[in-house]
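> So that we are looking at the same thing, I have put the structure below in C-alpha cells.
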Amino acid sequence: MSLRFHTLPTLPRAVKPGCRELLCLLVIAVMVSPSSSGLCPTACICATDIVSCTNKNLSKVPGNLFRLIKRLDLSYNRIGLLDADWIPVSFVKLSTLIVRHNNITSISTGSFSTTPNLKCLDLSSNRLKSVKSAMFQELKVLEVLLLYNNHISYLDPAAFGGLSHLQKLYLSGNFLTKFPMDLYVGRFKLADLTFLDVSYNQIASIPMHHINLVPGKQLRGIFLHGNPFVCDCSLYSLLTFWYRRHFNSVTDFKHDYTCRLWLDSRHSHQLLLLQDSFLNCSHSVINGSFHALGFIHEAQVGERAIVHCDGKTGNGNTDFIWVGPDNRLLEPDKDTGNFRVFYNGSLVIENPGFEDAGVYSCIAMNRQRLLNETVDIMINVSNFTINRSHHAHEAFNTAFTTLAACVVSIVLVLLYLYLTPCPCKCRDKRQKNALNQSNAHSSILSPGPTRDASAEDRKAGKRVVFLEPLKDPAVGQNGKVKLVPSKTVIAEGILKSSRAKSDSDSVNSVFSDTPFVAST
C-alpha cells in the first residue's frame, strides 16, 4: 500500500510532457473505437464511398460502417426481415442499396428511415409475397425499384404511394394475375413512371377499356411479354398497333408474346400473338383502345393553326374529340372559344396565344370496329413576329456590310487608276525629252564648227543631224530640201559645248555657208 502511495505522485514527474499528450490520445482512441463509425468491417470490402459485404452470412447491416458511403451491396446474405433496426446507422448520402439474393419475406414500415436519399433500391431474388401500403413511404426521391424474381402476387394500390420520382419499376418473374392499372390512373398514380416490367407473370388479359387512359410516353415503356395471355382479337390488335408504332417493348420481344387457345377445359394450344392472320381477326370485330404519341406541332402567335389527328383508325365511321391541356373537352359543332373541331378530326385554333401551348389529346372512336385510339400531340406556340424582325435586322446588317465593302473596293480601284502620283524618274524623263526636243529645233539653226577650231574644240562639239526630207518637194525651191522641224524629230544626242556661245555666233541657217545633210 505504501509502495502505491509513493509511486503515484512520482508518475506525472516521470512522464515527459510530449509523451503525456500522446498517451492521452491513445487512451481516448481506445475508448472511442468500439462505437466509432468509419472503419471497414472484416466482412466487407471498402473503397472510399463504396462498400461491398456480399456472401458473408450477415443478418443485418454492420454498425461500424462509414456513414457517408454512397453505395452498399449486401447481396447473398441471410437477411430475412427488414424492420426499423436492420440498419443501425443513418446513411444520409446512401444512393444505391443492393439487398438481392437474401431471404427477405417482409418489409415493415420505417425500414428505410435511415436511408432517406436512396435513388436505387434492389430487392430482387427474395421471398416477398406482397407489397403493402406505406412500405416505401420514406423513399421520397427513389427513381429505380427492382422487385423482380420474388413471389409477389398482390400489390396494394397505395404500395408505391408517395414515390413521385419513381421512373423504373421491375416486377418481372412474380405471380401477378392482374395488370397494375393503379400505377397509371387513380389517386396513387405515378406520373414519372416511364418503365414498367411485368413480364413473365400470370397476367391473362389486359384491361382494354382502361389502357387508353395511360399517357403515350408511359405506354411505350410497358413490357408484357412472357405472360399466359388468353388469345383474343383485341389483344392482338393492341400489340399489333404497338408493333407498328415501333415500341421497343414489342419489337424487341416479338416472339415472346404468346397466348393460349383453349380447345376445351383441359387442353389448350399455344400460339404466337404477333403473326399474320391471327385467328382470322378482321377489322370489323376488333374491340380495343390504344394510346400513342403524335407529332410536335409548331404554331405562331396570332396565326391560324390547323392540327390533324395522327390516328390509324380514322374512316367514315370514326368520331373525333379533343381534350385540351386544361382537360377542356373540344367537340365538333360546339362553341369553345377560339377552338374548332371538324368531323375529320382536325383541330383549328384561331388566333393562338402562349397560354394555348401544351399537350392535346385526340380521341378517335370507331363505331364499326369498336376501336378507340388516343393520340397525344404537343403544340408549341412562339412569337413569329419577334423572330422575323430579329432575322430581318440580321439580314439588313449583312447586306449593308457587303455593300459598304464593295463601294470601298471600287473607290480604291479608281484612286489607284487615276490618282496615282508620277514617280520622280518619270518626271525627270519627261523633262529630259522636252529639253531634247527644244535643242533639236535650235540645232538646225546653229552653225557647225569652224575650220580653224582647235582639235580639242572639235572633240568637245557634237554634230547633230535632225533633218527629215519631204517625199514631194515643192516646185520653186531650187532643189533645196524643205526642213520641217515641227514634225517628228529623232534626237540621238544633244550635248552642249564646253565653250559658251555668244549671241553673235548664232545665225540663221539660211545664210550659213555650212552645208546641210539630209537624213533619209
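Note: Cβ is positioned from N, Cα and C throughout, glycine not excepted.
Okay, so Swiss-Prot annotates it like this:
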DISULFID  Cys40-Cys46  disulfide bond
DISULFID  Cys44-Cys53  disulfide bond
REPEAT    68-89  repeat 'LRR 1'
REPEAT    93-114  repeat 'LRR 2'
REPEAT    141-162  repeat 'LRR 4'
DISULFID  Cys231-Cys259  disulfide bond
DISULFID  Cys233-Cys281  disulfide bond
DISULFID  Cys309-Cys362  disulfide bond
> Give me the DSSP three-state residue breakdown of the repeat 'LRR 4' (141-162), ordered helix, strand, coil.
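Helix (H, G, I), strand (E, B), coil: 0 helix, 5 strand, 17 coil.
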> Could you state the whole-number distance in Å separating the C-alpha atoms of Cys231 (disulfide bond) and Cys44 (disulfide bond)?
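With distance taken Cα to Cα, Cys44 (disulfide bond) is 51 Å from Cys231 (disulfide bond).
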> Pop the mean pLDDT for the repeat 'LRR 4' (141-162) in here, whole number is fine.
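That stretch averages a pLDDT of 94.
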> Roughly how many angstrom lie between the C-alpha atoms of Cys309 (disulfide bond) and Cys259 (disulfide bond)?
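With the alpha carbons as reference points, the distance is 32 Å.
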> How would DSSP class Cys233 (disulfide bond) in three states?
helix
> If I take the Cα of Cys233 (disulfide bond) as reference, which of the disulfide-bonded residues Cys40, Cys44, Cys53, Cys259 has the closest Cα?
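Comparing Cα positions, the closest of these disulfide-bonded residues turns out to be Cys259.
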> Restricting to the disulfide-bonded residues Cys46, Cys281, Cys362, which ones have a CA within 10 Å of the CA of Cys53 (disulfide bond)?
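Those near Cys53 (disulfide bond) - Cα within 10 Å - are Cys46, in sequence order.
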> Where Cys281 (disulfide bond) and Cys259 (disulfide bond) are concerned, what is their Cα separation in Å, rounded?
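Cys281 (disulfide bond) to Cys259 (disulfide bond), Cα-Cα distance: 14 Å.
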> Between Cys40 (disulfide bond) and Cys362 (disulfide bond), how far is it from one CA atom to the other, in Å?
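That comes out at 59 Å between the alpha carbons.
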